[in-house]
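Taken verbatim from Swiss-Prot:
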| type | residues | note |
| --- | --- | --- |
| ACT_SITE | His101 | active site |
| ACT_SITE | Asp104 | active site |
| BINDING | Glu232, Glu268, Asp296, Asp339 | Mg(2+) 1 binding site |
| BINDING | Glu268, His271, Asp307, Asp309 | Mg(2+) 2 binding site |
Amino acid sequence: MMEFFPEIPKIQFEGKESTNPLAFKFYDPNEVIDGKPLKDHLKFSVAFWHTFVNEGRDPFGDPTAERPWNRFSDPMDKAFARVDALFEFCEKLNIEYFCFHDRDIAPEGKTLRETNKILDKVVERIKERMKDSNVKLLWGTANLFSHPRYMHGAATTCSADVFAYAAAQVKKALEITKELGGEGYVFWGGREGYETLLNTDLGLELENLARFLRMAVEYAKKIGFTGQFLIEPKPKEPTKHQYDFDVATAYAFLKNHGLDEYFKFNIEANHATLAGHTFQHELRMARILGKLGSIDANQGDLLLGWDTDQFPTNIYDTTLAMYEVIKAGGFTKGGLNFDAKVRRASYKVEDLFIGHIAGMDTFALGFKIAYKLAKDGVFDKFIEEKYRSFKEGIGKEIVEGKTDFEKLEEYIIDKEDIELPSGKQEYLESLLNSYIVKTIAELR
């Protein structure tokens, strides 16, 4: 079989002192932490679309990427080559999972029937490669945003025919996700929203979106798909206002339509940025709701107003992200999918590897720091003390629902002074710094 990356060796762990760009400094997949290998804590995944389809095109310029599969001019030959390259890529990086959109892995035909037949051929190739590999599918999804038919949306379109097409496309995507043993299925509504309310039936669109998701739940039950359904919130881009704006908005929608028991969230760092939140905020919201399912690992540029999908290299972000994952009990049917692309000027094949290595190292280091923070309980202890007034006396009565406005007025009306604890933000931020420095110093 053709080798796509002959110049790239299998990536090894060399430790924090290594200067080799094609080696792990902090990620040792077999390092055991809390009784489990690091690779099973992190569950890294390759995003097929950014790694094997993206070619460095932007609105102002042509593709720049040098990719070995581009030697194939026939669309099917290229599709098969990308699949083969995926498995070689994952095996050299010791990544055990991948994610895809249906249209990433196979080209479209003239009709949906023809497209499905093409898709089946590529799925067979993936299944063949899986037989001799430990690479698995983390989650699948359907591309309901690229084709012009979805200009008004998919589930929220003004066309019943387009709604039907989208439903049939998701039906097929669910089938192949199940066939490939996917742990989950993601819904991202890039076109589910509006540009202006002047031409939008907001009520109908939201109701149709709920109808669409309910149909998906029912079909998954029918075919025996037991993977986790995931909503991926994003406030805007490509649509001006998207209905799954953030975790809180999407959860309210699911709750309102009785769908909350079937869905968790796939949280993307850059989407949190676009919503005006920190990555940790979205993860914390999902965690306290019991809905933290999976993560799209990347980072954005705070100076830019769009989804830059950069590889994650910010240790603060990865530490606080993994802190939330640890506090949630870790991943079950989810993981860390690198929804990230190399920069347009990072056009060499080796840059694909370097980008993933950087992200894997940064999350591995973040996990190790977060594990110490969680184990020592430093933030938990401070928070518990800060809110101690609700553990006793009148505060305990408030929490237990044993008081009311009249009783609270009677309690407080003659009190002259209320003593408040200090928030000590500066101390806690410096404590986080100390844990980062200490953890790195202790690593081999």
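Every residue, even glycine, has its Cβ placed from backbone N, Cα and C.
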Worksheet, complete the sentence: Smallest number of other CB atoms within 10 Å: among the binding-site residues Asp309, Asp339, that is Asp309
Fill in: DSSP three-state assignment for His271 (Mg(2+) 2 binding site)
helix
Practice prompt. Report the nearest neighbour of Asp104 (active site) in space among the binding-site residues Glu268, His271, Asp309, comparing Cα positions.
Written response: Asp309
Worksheet item: Taking the mean position of the Cβ atoms of Glu232, Glu268, Asp296, Asp339 as the Mg(2+) 1 site, which residues outside that list, in the same chain, have a Cβ no more than 8 Å away, listed in sequence order?
Response: Trp188, Lys234, Asn266, Ile267, Ala269, Asn270, His271, Ile295, Ala297, Asn298, Asn337
Worksheet entry | In three-state DSSP terms, the structure that Asp104 (active site) belongs to | helix
Fill in: Neighbourhood of Asp307 (Mg(2+) 2 binding site), C-beta criterion under 8 angstroms, separation at least six
Lys234, Glu237, Asn270, His271, Leu274, Gly300
Worksheet item: Including all protein chains shown, what's the count of other C-beta atoms within 10 A of the C-beta of His271 (Mg(2+) 2 binding site)?
Response: 30
Worksheet item: For the recorded Mg(2+) 2 site formed by Glu268, His271, Asp307, Asp309, which further same-chain residues have Cβ atoms within 8 Å of the site's Cβ center?
Response: Lys234, Ala269, Asn270, Thr273, Leu274, Asp296, Asn298, Gly300, Thr308, Asp339
